[in-house]
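Features as listed in TrEMBL:
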DOMAIN    459-573  domain 'DUF11'
REGION    549-583  region 'Disordered'
DOMAIN    585-699  domain 'DUF11'
REGION    609-644  region 'Disordered'
COMPBIAS  634-644  compositional bias 'Low complexity'
REGION    677-729  region 'Disordered'
Amino acid sequence: MAMPTVFSDLLFAFRRRARRATGRQRSRNSRAGAVAVLSAVLVLFCPGVALAAPGDLDPTFDTDGKVTTDFAGRFDQANGVVVQPDGKIVTAGQSSTFAGGDFALARYNTDGSLDTSFDTDGRVTTDFGGNDGANGVVVQPDGKIVAAGFAATDGTDFALARYNTDGSLDTSFDTDGKVTTDFTLNGPANDVALGLALQDDGKIVAAGNSNSGGSIDFALARYDIDGSLDTDFDVDGKVTTDFAGGQDRANAVVVQADGRIVAAGQGESGGDGFDFALARYDIDGSLDTDFDADGTVTTDFGGTDNGRGVALQTDGKIVAAGTSDSGGSSDFALARYDIDGSLDTDFDADGTVTTDFGGTDNARGVVVQTDGKIVAAGTSDSGDGGDFALARYNSNGSLDTSFGTGGTVTTDFGGTDEAHAVALQTDGKIIAAGLSAPGEALDFALARYEGGVAPVGVDVSVTKTGPATVELGDQVSYTVTVTNNSTTDSATNVTLADTVTGPGQLVSATPSQGTCTTTSTSASCALGSLGPGASATVTVVVEPTATGTISDTATAQATEPDPEPDNNTDTATTTVEDAPPAGVDVSVTKTGPATAKLGQNISYTVTVTNNSTTDPATDVTLDDTLTGPGRLVSATPSQGTCTTTPTSASCALGILDSGASATVTVVVEPTARGTISDTATAQATEPDPEPDNNTDTATTTVKKKKCPPYDHKGCKKPGKPKPWDALVG
């Protein structure tokens, strides 16, 4: 089986250069010490001197601007680097021995120290079961990290892994956090992903090469956010592109603001050698015929040429960087293309530039600064081993002489060093990542440089609101507001990532502009542009699945760097409580006379009703209490039994079916003039959703009884006889 390109290149470089490293170690250490002493003298005695110039190593990054990391493998190399919105730096590559390798990732704090919140020691390795390695890495808006490369068992396949923010594999990504993709069904092939990019809608694009068709071709795969192949991309989620029947490799990929995908690499043109090769695809995976008529472009620098990195300018122009040996030895080579695929003649007159560092030079990555200047990073080997090498260009293609020495910088880690990737921080500083071989092993290597670019961009902020508590069975609705706080500039390609944790499932995400795609635990929204001061909202609906605490976190970002990344994320939490049982509504009504005369009993009628239309009320009880000048004589129920005292009755009425009623007749004997109050309260075993109607009271005013002549019963004095009383009877 052929060894994957990255791994074989690594061994070749290591064997060629390792012998050279030891001999130059001592002199370079002396030189570094002299520089450190001089810097200290300048700081002490010339405080007004500005030491930090564009291209200088940043001393706030591990004190000297350089960091190396050992994974305990024989060969550790970083092939991709990305900066999180919080400023932490993520690198991805391979940690290997002669027996094979694994994906390897490291995350660093802004000061260059390993981030111990990432798998406890800042480092993670992932085994796909064979010889595996990562070549590209991206960070999703929700903070999850995706790495892409290859997994070699029987042949090699595209391999992707997604990690949670703590470094653990994300099991919502193809159930185990890992995905492999084979580009052929007819036996083993060598498929290697070398570049990785994110679309605004959260879909993931990997680019590399495949020999599934016999020759080696550009190969791209697009994945949905759950790790499945996106069948909207060329039907099966996979595309291959042949440039002329030769050996073609895509080394890098970017996604334009309009969703079209640009892959850059190397193409063999009919046996005439290798050239820069670019292909642009429509969102459905078809070649974009607006790009040089057939969707593909090759550029010949006059020798063997290889495009290794690609970046987009804000005006839509495309910058590719790599290497060319047109001058006899390999040099940095850059080409800039207009949006139609033609070479941009405003870039060094013919659209191409080469830069010689004085040895064998290879550019591996490229970025475009906010001021339009272009930074390419790679390696320069002047005969005594390689060093990190960076060159910065003005927008017209000329070297930017304010950067380093005449526009170029080299950095020695004390051995054989190679920069494989480059990224920009929001403060304009430049991160280069690769490998260093100070002895007989290789380690991850990073360097951070002063960019000299004032931070610009827009401050995008997120606020999220939602209820503090809900009952189980009720949905939770959160409102996420994304605001562009700039008063002058627009925020473009604004994305929002929303993640639900806890006992709930995300039901929907509805934006006020743009589109959202959802899973049961997350939403990815492409909100488009926000003008100065403008806002967009997304309504996120979550269905609780159990009691507990739901946490919903939203993170937004835009294409422009954000000077205030701390307000890009907000979280709302909601406590889910048990909903009270449905229960039955039991009500009480009491009727009785408004007035009564002393000596006459009062009869009250109490009606207890089950107002439920579906459920019975069980063990219904009624308590009746008498106050005022009276004595409770009896309580007679229509069902069940009652017991009485002179001032109360307690009745057990049994079961009331839905809609049924029972009555209790309460008889009271007045004992004096005044107001009698009789209160009845009912309840059942079931909870009552309307407890306010469980009680009712009737009041009766007791008046003096008018006595007949000569009858003192019930009267204090006999009435005065009337003249006609003697005539009666």
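Glycine is no exception: its Cβ is also placed from the backbone N, Cα and C atoms.
Small disclaimer: the values here were computed from a predicted structure and weren't measured.
Model confidence over the domain 'DUF11' (585-699) stands at 96, taken as the mean pLDDT rounded to a whole number. Residue counts for the region 'Disordered' (609-644) under DSSP (helix as H, G, I; strand as E, B; rest coil) come to 0 helix, 25 strand, 11 coil. Taken through DSSP, the domain 'DUF11' (459-573) splits into 3 helix, 75 strand, 37 coil.
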